[in-house]
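Just below is one structure, and these are the notes that go with it.
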Amino acid sequence: VVLGPASDGRNAAANVKAPDLIALTVRNDCCHNAPCRNNHPGICG
């Protein structure tokens, strides 16, 4: 089986624009933090 270049995860971040990566990081950190998640329900789905 041959997988695409980003399928191993090493290059996945390189394919994301920096602001998107920052937003994703903030969202992940916030959504794992109950007070932040409760204060920002729109970003955690």
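Quick reminder: no glycine exception, Cβ is built from N, Cα and C everywhere.
Here the structure is a predicted model, which means the values were calculated and not measured.
Listed features, source Swiss-Prot:
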- CYS30-CYS36: disulfide bond (DISULFID)
- CYS31-CYS44: disulfide bond (DISULFID)
- CYS44: cysteine amide (MOD_RES)
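The C-beta environment of CYS44 (disulfide bond), restricted to residues of the same chain at least 6 apart in sequence and closer than 8 Å, consists of ARG27, CYS30, CYS31, ARG37.
Residue density at CYS30 (disulfide bond): 16 other Cβ atoms are found within 10 A of its Cβ, drawing on all protein chains shown.
Cβ neighbours of CYS36 (disulfide bond) (same chain, under 8 Å, six or more residues apart in sequence): ASP29, CYS30. Counting Cβ atoms from all protein chains shown, CYS31 (disulfide bond) has 15 others lying within 10 Å of its own Cβ.
When secondary structure is read from DSSP and collapsed to three states, CYS44 (disulfide bond) falls in the coil class.
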